[in-house]
Amino acid sequence: MLAKIRRIPAGTFLVPLILSMITYTIWPDLFMIGGLTQALFSGQSVGFIAAILTFFSGTLIDVKQLGNLIKRQGLLFLYKAFFSMLLAWGYILLFGQEGILGISGLAFASTITSVNTAIYLLTAKSYGTKLDTGAYGLFGILSLPVLPIILYSLLYSGGGSAIDLTPVFSILIPLILGVILGNLDEDFTELFAPGISAILPFLGWNVGQGVNLIEAIRSGLPGLLLTAFFILTMSTLIILDKNILKNDGLYGMALMTVAGLSTSSPAIVAATFPQVEQYVSGATTQVLLVSVLTSVGMPIIIARVARRMNKKTNRL
């Protein structure tokens, strides 16, 4: 069975993800029975699994190669962060929080600033190097509502004094600890690095919990329009990856995804800024649809493009 799953592009992540979404849509409280079952299968472990993956990825970073990592992936990170923030700020400036075509400013900001780092990790593990895999923790910052919080802090607080950088530090700490251990002794890298592939199916399952496919479909035309705009604007990452960084463009494609965690961004932003509370429900379903479409579709596209380029695939 595992061999068949591996034939599917990013199958060790996507198959559990899809099965989990279907299960949650039919029976959302199936695993809410407490104990180990709830801890492992209900979606409550997303944060823990992401933290473990960040730590494991950190052990792969060779500080001697840190300059190459920043040069290879740092520019993609900075471009994604600043370009998406600029787009979100411009959208809200032009159309206000109500937005246009049924897409609120909250939905736009929560979507455009997001990255599904699981897809990046899958791409790095399948077609990249150990150095590329180590950047997982860096991009993990974009899977949390860090940028939307910063954006709304600037919009409503009149400056950066109220910006909370705690979410950034919460990601950097396990990453840095992993880097330290991996560079103190290579045996730590050999111990922890293989765990990345083993944990990916659990990440896929836990991300799928909380994704109601019916609710995603209900977002309708606004959700599809938001998906199209997201893909159109973020396709510039491919241009940057290929023409400036002289890579194959696969990482640029991997960053054209929206994290399932970002469905929580509207509510988190509204908890701090009640001015946007009325837009939370619609924004959540729209972000959900974009996340489902990009997280399922993009790995398949990446695999086909890689096959066309005759890139050798590492077994997950």
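Keep in mind that glycine also has a Cβ here, set from the backbone N, Cα and C atoms.
The transmembrane segment annotation in TrEMBL covers 7-27, 39-63, 75-94, 100-122, 134-155, 167-184, 191-208, 220-240, 252-273, 285-306.
Tallying C-beta pairs under 8 angstroms between the transmembrane segment (134-155) and each of 7-27, 39-63, 75-94, 285-306 places 75-94 first. Outside the transmembrane segment (7-27), and at least 6 residues removed from its termini, the chain residues within Cβ reach (under 8 Å) are 43, 118-119, 122, 126, 197, 200-214, 292, 295-296, 299-300, 302-304, 316.
Proximity of the transmembrane segment (191-208) to the transmembrane segment (39-63) is established through 3 or more Cβ-Cβ distances under 8 Å for residue pairs spaced 6 or more apart. Non-local neighbours of the transmembrane segment (75-94) in the same chain are 105, 108-109, 112-113, 115, 135, 138-139, 141-142, 147-148, 150-151, 154-155, 233-234, 236-237, 240-241, 244-245, 251-252, 255; each lies 6+ residues outside the stretch with a CB under 8 Å from one of its CB atoms. With a cut-off of 8 Å between Cβ atoms, the residues of this chain six or more beyond the transmembrane segment (285-306) that come close are 9-10, 13-14, 17-18, 21, 103, 107, 110-111, 114, 116, 118-119, 122-123, 126-127, 207, 211-213, 215-219, 222-224, 226-227, 230-231, 248-250, 253-254, 256-260, 262-263, 265-266, 313.
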